[in-house]
Each structure stands twice: as structure tokens, then as C-alpha cells.
Amino acid sequence: VKSTSVDFCFCSLSFCPQQKRVNMRRENQSSVSEFLLLGLPIRPEQQGVFFALFLGMYLTTVLGNLLIILLIRLGSRLHTPMYFFLSHLALTDVSFSSVTVPKMLINMHFQDQSIPYTGCVTQMYFFIFFTDLDNFLLTSMAYDRYVAICHPLRYTTIMRKGVCILLVAVSWNLSCASALSHTLLLARLSFCADNAIPHFFCDLAVLLKLSCSDTSLNELVIFTAGVAVITLPLICILISYGHIGATILKVPSTRGICKALSTCGSHLSVVSLYYGTIIGLYFFPSSSSSSDKNIIASVMYTVVTPLLNPFIYSLRNRDMKGSLEKLLNRVI
């Protein structure tokens, strides 16, 4: 009896507090069934204005990009490699915006910030997937412009249908592999009791901050994948346009220079807008907080850039405007 009493006292003085801390830690790491999306950093009285604004932008994005796909399918003059890549880019932009914007609009209208764990992970997967796909498609389009301007006599041989399909298929597969690797690594993590996400969608970086597990492997994969799907495509685009610029400078006539620039002006505008947003918001200092900068950057990716792409390609491209006029004449 004396020994039992001593053991009990020893436990109460030494082991029991440690066991209590372990139990508390397990309670804090309990599985999370849902997250709370805090949304955009705007005042409650401004919710209605921003809801109408983003709804209009989203509808314009969807209709504009679907119109591009329709014009490319119907216009026989648009059955070329450049417009083949453009149709996939338009489809990607529609899907990209649809991953985050509808949920954001629902949360703003119904004031319901909750999203299930599975829904959050699924949203994160498709956001990464279409982001990576955007990068690869822009790179493929840059290569197409490089071949068209630097090797015009071999263009039809190099950019044949099988090569274009292969480039798009590789883009889809690489994007799927990249998004899947991030998703599987995230699924092994446990999350703390705090399930509030200071964002309007389930961003991977924010989710890692909420996790109670070791995220060093996730961060390593993010760095590696970032080099593979962002840095390398940007380098390839810059190299392509470097060769294009060198070739254009060799053209003796001003008319030839203008014709060469017109063939890649729309794509160069989209690339400048897309990567200019990244450089401007992430590499230059800002007075806003880091969280607000990430939200602004995400709004640019998911709302603004997909919205402007149809206008850039329709206003700067004579073939697109010609196909649009034929379609309108046919309807009227």
C-alpha cells in the first residue's frame, strides 16, 4: 500500500502533467472537418458593391472566353496552331476563374464562410492545376511565335498537328502531376483548432500555416515545383522573344517589322500582364500587409487577367475580329 501511494504521488508530481500536456496537444490537433474563408478585406457595407462588381467581371470572363472558343471552332481561317493553343488557354481561363470566384460570390451574398475540408482540398488542387496549365500554355504559344517568325519556311513542318497536341497533352499531364503532389502532401498533415483562412479561397501557403505538422517537405516541393512550372516557363518565354527580337531587327522594311510584331503582340500583352502582376506584387515592396498582397495578387490571377485576355485577343487580332463580324452577320 505504501509503495502504491508513493507511485501515485510520483505520478502526480512528474508524469501526470506531461500526460496532460500530451492530451491537450492531441486535442489541439484534432481533425478539422471544415474551414472558414474570411474573404476579401472589405467593409461589410461594401459587400453588395463588390458582389455586383465581381459577378459582372466573372460573367464577362466566362462569356468572353467561351466566345473565343466558339469563333475558333467556327472560323476556318482560325484552324492554326496559334489559335489551337489559344482555345485551350481560353478554356483554362474559364475553369481557373470558376474554381474560386463562384465560391467567393456565394460567401459574399449569403454570408456563409464555411467550406468542407474535402471541398477546400479540391479547390486547392484545381487552383494549382489551372495555374500551372496557364504557364505551360503561354510557353507553348511563345514557342509557336518563335517558329513562325524565326523559321517561317519550316513552320508547317515543325508545328504540325501532332506536335501541337503533344505540347498540350504534356502541359495537362505536368500540371496534373504538380497539383497532385501538393495535394497528397497536404492530405498527410494535421490541422490545429484554428481553421480560419484569411483569404477568399483555399490557398496552399495559408493552409500550411494552419497546420500543426512538419511542413518542411511541403515547402521543399513548393520551391522545386515553383522552379519547374513558373521560373523555367518564364525563361523559355524570354528566350523565345529574345530570338524573335533579334530576327525582327534584321528585317530591313518597317512594314515587315510591323507584320512580325502583329503576329505576337496579343500573346506578348498577355504574358506581360500575367508575369508583370507576379513581379509587381511579390518582388516590389508595398505598404500593405503580406496577407493583403497575396489576396490582391490572387484577385489579379483569378479575376482580372482572365477577364482581359478575350479583349486583348479580340481587339488586337484582325482574324478574330473578322470571324466575330461573320458570326454576327450570320446571327442577324
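Cβ atoms here come from the backbone N, Cα and C positions, even for glycine.
Please treat TrEMBL annotations as automatic predictions, because they have not gone through curation.
Between the listed ranges 20-43, 260-283, TrEMBL ties the annotation transmembrane segment to 260-283.
Sequence-distant neighbours of the transmembrane segment (49-72) (same chain, 6+ residues past either end, Cβ-Cβ under 8 Å): 40, 42, 78-79, 83-84, 86-87, 90-91, 93-94, 97-98, 101-102, 104-105, 108-109, 303-304, 306-307, 309-311, 313-314, 320, 323-324, 327.
For the domain 'G-protein coupled receptors family 1 profile' (64-313), the mean pLDDT of the prediction comes to 86.
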